[in-house]
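Enquirer: Sharing a structure below in structure tokens format, with a few things to ask.
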Amino acid sequence: MTDRYCVFGHPVGHSKSPAIHAAFAEQTFDAIEYTAIEAPVDDFAGAWRDFVAQGGRGANVTVPFKEDAFRLCDTLSPRARRAGAVNTLILGGNGLTYGDTTDGVGLVNDLKRHGVALAGARVLVLGAGGAVRGVLAPLLQASPASLHIANRTADKAIALARDVADLGPVSGSGFEAIEGPFDLVINATSASLAGDLPPLPDDLFAPGATAYDMMYAAEPTVFLHWAAERGARGVDGLGMLVEQAAESFFQWRGKRPDTGPVLEALRRSL
Ligand code: NDP
């Protein structure tokens, strides 16, 4: 039987994951089927059980189910346990469900591909939602000089910083207490989705700095426009999406796809 995988979300029609995984499978000559499934918001565990009963071997999980996925797993990777969220479900040979989160490694691999050095860098992360929770540990493990989290709701940034304080030099605040300059600024707020820009100081960027927006679109986001006007190099989150998918594919299939051509094709399709 063909191995079956899927992405669960609600809504999920917009997901690019089926196209990404189809491209990976073509590269590696793996005969898999990968579909998008809109799970009911009140019964994610039931949707996973049904999928497994129909031959499902693994799944990606997107908004709003990452915490539900975390709760249903029998075992978790250390990074998923720390993130409190799961974006990759793997059915073990013993029938048990293993959960991992690949968003953080996806971001770090995309930064690497763009030649952004994390070691010794002053890093600012904007936002304190689910996406930030998933990427803090891998960012801190790459040895930045400092990592500051700033969020509209300051308490959430401070609490997140406290949760990962054992991993490196990290602090949290509201936007008003941001003190630059930074070598890397990662926008992980959903402000870009609404075309908004968080209130940021003008002297945010050090010379040669990179501005990274986790959101992606055919045109640069408001944040990337604003950053370009202040001399920063802009990168959007499309590469993170492809890199996190590649890490999930590796977890399922034991093969690492070449992300470059898949990213290029996806960029052309935006
Ligand atoms: P959440 O809903 O969990 O968090 C949203 C965050 O944005 C909160 O920190 C919230 O602040 C902040 N926020 C929302 N609106 C504004 C605003 N107008 N001004 C300032 N801050 C605002 O979302 P996620 O963490 O899941 O996702 C965040 C972004 O990252 C989204 O754009 C998402 O598409 C993107 N993403 C991209 C991925 C990729 O692979 N490229 C992967 C995952 C996410 P507060 O706490 O005060 O409400």
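Keep in mind that glycine also has a Cβ here, set from the backbone N, Cα and C atoms.
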Enquirer: Would you identify which residue of N87, N94 TrEMBL lists as part of the shikimate site it also attributes to S15, K16, S17, T62, D103, Y216, Q244?
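Expert: Candidate in the recorded shikimate site: N87.
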Enquirer: Looking at NADP(+) binding as recorded in TrEMBL, which candidate out of G104, G180, G237 goes with G127, A128, G129, G130, A131, N151, R152, T153, A154, D155, K156, M214?
Expert: G237
Enquirer: Counting Cβ atoms within 10 Å of each candidate's own Cβ, which of the binding-site residues S15, T62, N87 comes out highest?
Expert: N87
Enquirer: List, in residue order, those binding-site residues out of T62, G127, G129 with a Cβ under 6 Å from any atom belonging to ligand 1.
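Expert: Result: G127, G129.
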Enquirer: Per DSSP, to which secondary structure element type does A154 (NADP(+) binding site) belong, with helix, strand and coil as the options?
Expert: helix
Enquirer: Measuring Cα to Cα, how many angstrom lie between A131 (NADP(+) binding site) and Q244 (shikimate binding site)?
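Expert: Their Cα atoms are separated by 12 Å.
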